[in-house]
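Read the structure below first, then the notes.
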Amino acid sequence: MSAPKLALCVEDSGYEIAFAGRSNAGKSSAINALTNQKQLARASKKPGRTQMINFFSLGNPDQRLVDLPGYGYAAVPEDMKRVWQKELENYLIHRKSLQGLVLLMDIRHPLQHFDMMMLEWAYSRHLFVHILLTKADKLNRGPANKVLLEVKQQLKKMKLDFSIQLFSSLNKLGLEELASVMAGRLHFTLEQQPEFDVDAIPEASDEDAEE
């Protein structure tokens, strides 16, 4: 199910883990890799079509993955940005079934302003957070591990005890680790197929695909 605003979301019950990140962090690609559904989030040249809250039931309707609108909203009017940001804030603040975040950051540009805001907000709400440094295939192993260590050190300075890993949806780096995290929170395995209507899913922006 997809909803443009909090008031139209599925019933606020059960347990939800939301995927959040900038519009170019590879969020849709990560969800596709995790659920083994190549067309779950489809590419579009119209960024506005992805700015909805998308719910995916994992067999049990009370356990859901949630695909949140990417923040950053490049190349869209300012008034549209404000509307999207307001609805995203409403979900993050008021959604009682939201229990955790998977926060995606491009490994080449980690800990941007909005990322820091999301981390601080999640901490204030006592949510668990698992961070994916996406597009790790863009760096060699040494530089990628260096960024991972630097981000871990920054989180430690902020006194944020959040888990973090390298991830690439292109070569499936870190996929099993991510699935293990999901299994610890939801009844999820890589072989499990989520229940959803593909045709009901709004198309994703080009910026949300792996570059």
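Quick reminder: no glycine exception, Cβ is built from N, Cα and C everywhere.
As recorded in Swiss-Prot:
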BINDING   21-28, 48-52, 67-70, 134-137, 167-169  GTP binding site
BINDING   Ser28, Thr50  Mg(2+) binding site
DOMAIN    13-188  domain 'EngB-type G'
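Here the Cα atom of Gly21 (GTP binding site) is found 10 Å from that of Ser28 (Mg(2+) binding site). Fewest Cβ neighbours within 10 Å among the binding-site residues Lys27, Lys135: that distinction goes to Lys135.
Here the C-alpha separation of Phe167 (GTP binding site) and Ser28 (Mg(2+) binding site) works out to 13 Å. For the domain 'EngB-type G' (13-188), the model's average pLDDT works out to 85. Listed binding-site residues: Gly21, Asn24, Ser28, Pro69, Phe167. The one with the lowest count of other Cβ atoms within 10 Å of its Cβ is Asn24. Put simply, Ser28 (Mg(2+) binding site) is 13 Å from Met52 (GTP binding site) when counted between their Cα atoms. Within 10 Å of the C-beta of Met52 (GTP binding site) we count 21 further C-beta atoms, all protein chains included.
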